Amino acid sequence: MTQHKQASIKINFIMNFILTVSSFIFPIITFPYISRTLLPLGTGRIAFATSVASYATMLGMVGIPTYGIRAVARVRNQQRELNKTVQEIFFFNALTTLGALILYLVSIVLVPRFAEDKTLFLINGVGIVFNLFGMEWLYRGLEQYRYITVRSIAFKCLSLVLMFLLVHSTSDYLIYGGILVFATVGANVLNFIHARHYISFKLEPNLEIWRHFFPALQFFLMAVATTIYTSLDSVMLGMMIGKEAVGYYDAAIKIKNILISLVTALGGVLLPRLSHYIQTEQHEAFKRVTRKAFAFVCFASIPLSTYFIAMAEPAILFLSKEQFLPSVFPMQLVMPTIVLIGLSNLLGIQILLPLGKERVVLSSVCWGAVLNFALNLVLIPSWGVAGAAFSTLLAELLVTLYQAWYLRDQLREMVVLADLAKIGLATVLATLSTFLFRHWISPFWTLALSASVFGLIYLAILWFSREQFVSYLGQMALGFLKRRKA
């Protein structure tokens, strides 16, 4: 076993940001090709099966993807306890995965909509099994983001090559589904093999598998509630309207999901570090990091969501064909959730969970899930895809407000109203520039030129107004250049 070195938050963020940017770039490459090849019906089939499989995966993981990070982070400096904790969580996960797989296979037989695409659903079932061996929570708990990034990009490149080699017509949707699962399975197997560098596979005595049940259960219930207003939108659209509607919705949320990954990239590396700070009672370090994280979320999420509300149509046309134009309005409706999810990720996952306030997070996402489900039942029959998008927007707003109210005292220390005003003004002025590019010759050049001008105006205004986070980035850049010259 190698000694797991703790990288700085900056290095972890850079690695996680590269990983996130790769998640941005690869869909930009793949989705135009896939949407044109498989058309809305084919992409809808893939999205529908993937959404259903995500429920089984979530059930099998029982909250471990988040709980495991915190559990590992708390004992990462105690090798014997780390070995014991990881083995306990793995065997507990094996039992829950087996139960989830059985329920998934039974549902394929009993639910007619699932049976229509039985082969595709079975392919996704392979991913459920091998998700057990991924142990991503171990690597994130040890802050091994360099390994995670390199491995992920390698398998994405491989799946990209396979897609262009093997997917050529609408009938190839099964092949594409298999490629997606293969990329996940391959990465998970490699994770399991590589884990020997950090833990021992020799069984520790007196394993207490079930001591993780109740703590993980709270994280599981959070995941259930969160999934209700993410994957359930696609499932309910597929059940109530049809798979073509799922294809439109998938196109509408494609960019949103990519941008949320960018906004939450910093949050992804904070949970293990903040859990460690709380465990070792480094409260000032905890406050310092959360203040910078809040500044980053506002700096990134507000302009991104506003820009893509303004440029939704060329974005949809760039990623797909004109058949997907019904996705434009739903995309505009869900774009504000980039801000809301960025804030709720920070408040809930990065602050409340390290503080041991799982019940507060659980309550917030449960209320959001109930609202989303109820609104979907009412709005999808009349508004269709736009109804699902609007339901998600209101659900995310409720979750964020609930958590913000609980942390209102901490927020007073984190929020700098002057900086928020500067970000708001810069966003409005930058957005006005997008009207110059509304009718450019092609969607690509419309997006490329408008995004460049938008970004320059936004950053210039924040720089000259001395907004706190941009000033911090400038100081970091100058320090880096000075070290390079030295």
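Each Cβ is built from the backbone N, Cα and C atoms, and glycine gets one as well.
As annotated by TrEMBL, transmembrane segment applies to 12-34 (among others).
The feature transmembrane segment is assigned by TrEMBL to 46-69 (among others). Residues 38, 89, 92-93, 96-97, 99-101, 103-104, 107, 114, 117, 120-121, 124-125, 127-128, 131-132, 135-138, 140-141, 173, 176-177, 180, 212, 215-224, 227, 231-232, 234-235, 238, 243, 246-247, 249-250, 271-272, 275, 349, 353 of the same chain lie 6 or more positions beyond the ends of the transmembrane segment (46-69) yet place their CB under 8 Å from a CB of it.
Look at TrEMBL and you will find 90-115 (among others) tagged as transmembrane segment.
Beyond its flanks by at least six residues, the transmembrane segment (121-139) meets 49-50, 52-53, 56-57, 60-61, 64-69, 71-72, 86, 89-90, 93-94, 97, 100-101, 104-105, 108, 114, 145, 147-148, 174, 177-178, 181, 184-185, 187-189, 191-192, 195, 198-199 of its own chain at Cβ-Cβ distances under 8 Å. Taken from TrEMBL, the feature transmembrane segment covers 121-139 (among others).
Here the transmembrane segment (148-167) has Cβ contacts under 8 Å with residues 15-16, 18-19, 22, 26, 29-30, 33-34, 37-38, 136, 139-140, 175-176, 179-180, 182-183, 186-187, 190-191, 194 of the same chain, all six or more residues outside its ends. Residues annotated as transmembrane segment in TrEMBL: 148-167 (among others).
The transmembrane segment annotation in TrEMBL covers 173-193 (among others). Long-range neighbours of the transmembrane segment (173-193) within the same chain, counting only residues 6 or more positions beyond its ends whose Cβ lies under 8 Å from a Cβ of the stretch, are 34, 38, 42, 45-46, 49-50, 119-120, 123-124, 126-127, 130-136, 139, 151-152, 155-156, 158-159, 162-163, 166-167.
The transmembrane segment annotation in TrEMBL covers 252-272 (among others).
Non-local neighbours of the transmembrane segment (293-312) in the same chain are 255-256, 259, 262-263, 266-267, 270, 328-329, 331-332, 335-339, 342-343, 345-346, 350, 414-416, 419-420, 423-424, 426-427, 430-431, 434-435, 446-447, 450-451, 454, 458, 462, 467-470, 472; each lies 6+ residues outside the stretch with a CB under 8 Å from one of its CB atoms. Annotation comment: TrEMBL describes 293-312 (among others) as transmembrane segment.
Per TrEMBL, transmembrane segment is recorded for 332-353 (among others).
Sequence annotations record features per position, and here TrEMBL assigns transmembrane segment to 360-380 (among others). Remote same-chain residues near the transmembrane segment (360-380) are listed as 218, 221-222, 224-226, 228-229, 232-233, 236-237, 240-241, 344, 348-349, 352-353, 386-388, 390-392, 394-396, 398-399, 402-403, 406 (criterion: CB distance under 8 Å, separation of at least six residues from the stretch ends).
Residues or ranges marked as transmembrane segment by TrEMBL: 386-407 (among others).
What TrEMBL records for 414-437 (among others) is transmembrane segment.
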